[in-house]
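**Q** Once you've had a glance at the structure underneath, I'll fire off some questions.
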Amino acid sequence: MNATDRNGGANHGAGSKPAEVETGVGREFRAARLARGMNIEDVARQLRLSVRQVTALEQDDYDNLASGTFLRGFVRNYAKLLQMDAAPLLQRLEQSLPPTPTPTISYQTEGIPFPSNQGGGKRNLIIAGVAVLVLLLIFEIYDASEGNKGKQPAVKMETGTGPERGDVPPKNQLPSANSTGGLVSSAEEATVTEQKHEVPAPLPAPAPIPAAPLARQSAPAAVAPEPANASARESANISAPQPAGGGDVLRLVFEGESWTEVKDSGGRLLLSRINPRGTEQVLHGKPPFSLTIGNAAAVKLVYNNNPVDLAPYINAYGGTARLSLK
């Protein structure tokens, strides 16, 4: 009787394992995949997982997969790909997973070493000695600065005699300027007298009359450089380069269908639509730009003629990239 019970129990145990395998989540995924004619590589590429991860999921080998939220995300995405209801699959997954151990916190109340006050006396002496040295150093610096202040008046008196000696050359230079002015005036008088001598003899009376217009004409000649300077200023103002305007440029090339949303720094919506495969969008705006790109692996982004790698920003489970460009 006992032997029969053991055999019956063994047979019952052997029969229960195939039942668990048949109703496993991974086996159901595998059957649905084969029914649609898909191989593991196709599933791994569309879910952005490795072939090893897909194989472990179909074999219910959860030890080689990430646990918790990541594992539930794998099941949810696989069910969505195969157009299956994810709710009962997730419920069965929770039943097949071992219970999560409750973390325990232990507090060590014994054997905690406390610092003793035996070395406090030496430490206090060292601190006091350092403080005394710092005070002595400050006193020495202050004493030296006071000594330097006492010596400064003598230096000022010595340097004060310099300008008196230096004032002599400018006084000597002033007459030289006047003398040059006198030379210039005498030269002008000489030219005027020469012009007077050049007047023809048959007209002695009108000779002094042209001297006044010449004097009047000489004054505008001296003022003539000012319009030239004004025109130079105007030309400088005209030739000064003006700052160039315009926003930054975003270019998106869609090698696959992708829903994309782009906003500029002011929150203005530049693009929000599903973009078909083989199309591209060129956007202008003021940075920073906020981008949300679906199926980002099939999209190429160029920002101000510089390609941007979207791989670091792609969500491993949804294939969506979210980033900001400044």
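Each Cβ is built from the backbone N, Cα and C atoms, and glycine gets one as well.
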**Q** Choose the correct range: of 1-24, 49-72, 265-288, which one does TrEMBL annotate as region 'Disordered'? Give that range.
**A** 1-24
**Q** Can you count helix, strand and coil residues in the domain 'Cytoskeleton protein RodZ-like C-terminal' (251-323) using DSSP?
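**A** Here the numbers are 6 helix, 41 strand, 26 coil.
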